[in-house]
Structure formats: structure tokens, C-alpha cells
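Now, the feature entries from Swiss-Prot:
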- Asp24, Ser74, Asp449, His450: Mn(2+) 2 binding site (BINDING)
- Ser74: active site, phosphoserine intermediate (ACT_SITE)
- His135, Arg165, Asp166, Arg197, Arg203, Arg268, Pro269, Asp270, Arg271, Lys341: substrate binding site (BINDING)
- Asp408, His412, His467: Mn(2+) 1 binding site (BINDING)
Amino acid sequence: MSGSNPAVSINKKKVAPVVLAILDGWGYREEIEHNAVRQASTPVIDALWHAYPHTLIEASGADVGLPDEQMGNSEVGHLTIGAGRIIQQELVRISNTVKENKLIANPALNQFSQSLKKGGGTLHIMGLCSDGGVHSHIKHLCGLIEWAASKGLKNVSLHLFTDGRDTSAKSATKYINTIEAKIKATGVGEISSLCGRYWAMDRDNRWERTSKAYELLTDPRFAISKLSAAESINKSYQEGITDEFIEPVRLSSSFLKDGDGVVFFNFRPDRARQLVKALKLKDFDGFERKNKTDIDVLTFTQYESGLPVSVAFPPEPLNDLLGQVIADHGLNQYRTAETEKYPHVTYFLNGGIEKPLKGEVRHLVPSPRVATYDLQPEMSADELTESCIQAIDTGIYSLVVINFANPDMVGHSGIMKAAIKANEKVDSCIGKLLNSIGKLGGSLLITADHGNSEMMIGPDGQPWTAHTTNPVPVILIEGEKRKLSGYGNDIKLRESGGGLADLAPTLLHLLNLPKPKAMTGKTLIEPINLPKKPNLIPQPAY
């Protein structure tokens, strides 16, 4: 899918662009062992790292508005990059509410419970059951169970999605034990179904996956297992199936019926939208719904504007973001990514705004239709690169943002050889991209939104499928037509104290645009006094 914006201005003279290349999941770790970044053959990025200004910046924890030691993620990373400031993320916002026992005072939740009690329906609580902190947190689920008990809701069914992606591949049992203990302590609720996130949380329009989760939740004929939740998980392990891929299993007679209510406690929108759309949209064409239900749905955060649901924690508006500054100065910008990361370079980078800005053109390159990306580690990087080069060659875009999904999406597989191939493909694409940028005298800023593929085996010796808290690299290749004036004869990048919030100020610096006061991040660029030399674009090695 590509889009043209009628508000895009066309200049006869070609623009030297500033290009931001986000290598999703390309973290930095010194150790070579189990490191798919260090073990990959990456001649282009290696050469750039040694020849051009570079540094490391933080992309996790407090530096991106998350709790200390909490791994970063793509949503938070792109939001922070676009905002140019540290924003308190939904994980922290909701966690504080739960910790302070303030769920009981949440207006949306209270109205929801009153309506449900009046109608006599069952409360269904669903979401990702883990402490990964990327899409949800088990403490929020525990808080909801306590909230339901405080409101006198007796009929409470839990539909839990197992993780194994942002957590260890075989960790579901400990989370189930935690929830069963909370159920016992409060006297409220039962675990009615289990389902791997692979089925319940697809975001790539693979509706055949979503339909399996939908049937589990709504089909009265769905078979009820005689096994307990823990027994079902262990049975999956015996069959070689890890948490992410656990087949849908119903554990009780409870399913969604007319008059019931659903609370979806995932706070990250992108992997929750499809299932909510299947449950609530009247005009829905993802798959044939055999068991339509008339239910109320409350989501923890706003998954998408216009969805017919209640929202417990509505978005807090952000102003003066990177894209807005570009648009306000009458400049054109181009955003592109594969399906898996398209929302991140558009919706999240723009602070949760769906509609393109004036002068903003978006281009989506379909991700390959494979079960898991280790089967095709190159993904659609070549097509993505070629489409981006075509956009750069038009000479109309001042800012270009491209996201390479490979290091993250293949890194999540936990398969070392595939992750190495993924990183090598991205390296070759950077070389091609650099040639195109250099022809116009533009600048390239290379970075990542969080770590992942630099750590493929965890401390327990098992495949590491989650993100990391490692820093990420930044490399600046300053183009001949984008040389900064008033900075001596050369530049360097700040050696320490940097974070993702500093990238937008750095990009505005390169574009010679003023930084809004709301952006508390600072440019990473610092002057040094060296003999002037041409900033030649190296030839790609591929």
C-alpha cells in the first residue's frame, strides 16, 4: 500500500534528504557469543562505524519512560523518537494506578461494571498473561481481579494468552500459578481458556490466526478440555509447542454470549486490534463470523480511533513532534516499512495520530506470508529498500524514515543462523540506500529502537526470544549538501548520556530547523576542530 498526499509540494530543484534508518532490534553488546549482530558479516555498517561519527544511546528503562531495567520495544521506541522527549509510558501509568489501588476509581471501569451488573452478564477478562511488560503486565491482570472482587462481580472468566516471545519460551506455568493464587485469594474468577499469542495477537492481517482465537471465545460447540491450565501447557511442551504457539484450549463452559462484557487488558494497541475488531465491528470482512455476539468491550488503552469500545486509560495528547515540525515548515517527509513495523513509523512516530500530516507520504511493503520469519530472514528488505530509493530519487523529501524489521522479527525466533542472515541482509540494504542518498548530497542517521538480535541465548541457556536492555548504535554520515555550518571543521556525536529522545533534536539540527520547547531531548551533535576533509560516501560492500 502506498499513499500520495495532495499536499506534498514539488520543487524543481532536488532536495538533499536527511534519512533516518531504524534497524529494529539491532542492539549493541560487546560479547560475540550468542550475538547475531557481531557474528554477522556486516561490512557496510562496520566501515561506517569506524569512519564516521558514532555513539551508543539508551533505548530502555527510564530513558524511554519505562520502569528501570524494563526492556524497550518498538512502540515505545518510535514514540520516544518522534516526541523528542521522555514520555511516561502506558506501562508505568497503569502500573502506578494499580499499585496505588486506584483502579477502583477509574470512571470507565466503574461505568462498565455497573452496566454489566445491571444486565447480569459475565465479565470476561482477556489479554497477554506475562510480566514481559511489552504488551501487558500480569500485575495489571491481578489488579483487575481485585477490582472485580471489589465491585461484587461474581461471574468472571479469564481468557489468557500465553507469551513466550517477550518472556522465556517455556514460562507460562509460573504466570498461571500466580493467577490461580490470586483467584483463590479473592474468591473471584476462573481460567476459562488458554491460547498462544501467535493466534490471538496477530497484527499482519493473518485472519486465519485471529479466527481461531475468535472461535475459542465465542463458539458454544468448542470442546472443553478435561485438563487443567497447567496440564494443558505441559502437554503442549511434550508435543514440542512453546508458549507463543499453544493451540487454543477451552477449560470451562464459559464463552462470550449476548449481554456479556469484555475487558482487554493489553495496553499496547497493535497486536490487540484484530481480535477487538472481530468482536465488535458490524462491517467486518476478516473472516466469516459464525457466532456473532452483542457484547460490550472495554480496552485498557485506545487501540484505534473510531472503535466502538470504552477506554480505561485514554491517550494524553502530544504536541510539537518531529513530524509536526517538518510539516509546519512546509517540508515533505516519507515514511516506509514492512507490514510488521508500518504502524511504528506512522502512527507511533506521530504520537498516536492515524492521519498523515501535511506533506507526509506513507508506503507499506507487505511482509512475506510465512509462519515465522526465520523461514525467510531476508523478509521484504530488498523491496523496501528499492521503494525507498525510488522515493529518495524524486528529490522532494526533506526527511525520510525507513524501518528494517529483520533484526527484531527474526531475532524473536531465537534461531541464531536465521538472525545472522537477517542482519546481513539489512547491512547490504544500507549500502544500497547510502548510494542513493549520496547522489543527492544527503545525510544518513542509522540507529535502532531497541535491542534484540544481539542476544540470542539467555542466561538459562535457552533461546532468548525477547528484547534486551542493551544500548543501540547511532552512526551519522553527513552529506556534502547537509554539512552543518558554525560547527568548526567537523563534528562528533556525544559519547554518553544519550537516549532515543535525542534523535528528533538531532534530525532537526541536521535539517537546520528549530527545536520546539516541548522537546527536552538534546542534539547528539557536538563540534570538534579537525582539518577540513570531504565527507565521501563509501562504496557499499555487497
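Note that Cβ sites are derived from N, Cα and C of the backbone, with glycine treated the same way.
On the structure: features taken from Swiss-Prot.
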| residue | record | DSSP (3 states) |
| --- | --- | --- |
| Asp24 | Mn(2+) 2 binding site | coil |
| Ser74 | Mn(2+) 2 binding site | helix |
| His135 | substrate binding site | coil |
| Asp166 | substrate binding site | coil |
| Arg203 | substrate binding site | coil |
| Arg271 | substrate binding site | coil |
| Asp408 | Mn(2+) 1 binding site | helix |
| His450 | Mn(2+) 2 binding site | coil |
| His467 | Mn(2+) 1 binding site | coil |
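For His135 (substrate binding site), the nearest neighbour among the binding-site residues Ser74, His412, Asp449, judged by Cα separation, is Ser74. Of all the binding-site residues listed here (Asp24, Ser74, Asp166, Pro269, Asp449), Asp24 has the Cα closest to the Cα of Asp408 (Mn(2+) 1 binding site). Residues Asp408, His412, His467 make up the record's Mn(2+) 1 site, and a Cβ search at 8 Å around their centroid adds Asp24, Gly25, Asn73, Ser74, Arg165, Pro407, Met409, Gly411, His450, Asn452, Ser453, Thr465, Ala466 from the same chain.
Under 8 Å, Cβ to Cβ, and six or more positions away along its own chain, Pro269 (substrate binding site) finds Glu75, Thr301, Gln302, Tyr303, Glu304. Here His450 (Mn(2+) 2 binding site) comes close to Asp24, Gly25, Gly27, Ala59, Ser60, Met71, Gly72, Asn73, Ser74, Val76, Gly77, Asp408, His467, Thr468, Val472: these same-chain residues lie at least six apart in sequence, with C-beta atoms under 8 angstroms from its C-beta. Same-chain residues with CB within 8 A of the center of the Asp24, Ser74, Asp449, His450 CB atoms, the Mn(2+) 2 site residues themselves not counted, are Ile22, Gly25, Ala59, Gly72, Asn73, Gly77, His78, Lys341, His344, Asn403, Asp408, Ala448, Asn452, His467. Cα separation, Arg203 (substrate binding site) to His412 (Mn(2+) 1 binding site), rounded: 15 Å.
Asp408 (Mn(2+) 1 binding site) has a Cβ environment of 29 other Cβ atoms inside 10 Å. Shown are the binding-site residues His135, Arg203, His412, His467; of these, the residue with the fewest other Cβ atoms within 10 Å is Arg203. Per-site Cβ counts within 10 Å over the binding-site residues Asp166, Asp449 peak at Asp449. Cβ packing within 10 Å was compared across the binding-site residues Asp24, Ser74, Arg271, and the lowest neighbour count falls to Arg271. Spatial neighbours are here defined as Cα atoms within 10 angstroms of one another, and by that definition the neighbours of His412 (Mn(2+) 1 binding site) among the binding-site residues Asp166, Arg271, Asp449 are Asp166. Distance from the CA of Asp449 (Mn(2+) 2 binding site) to the CA of Arg271 (substrate binding site) is 18 Å.
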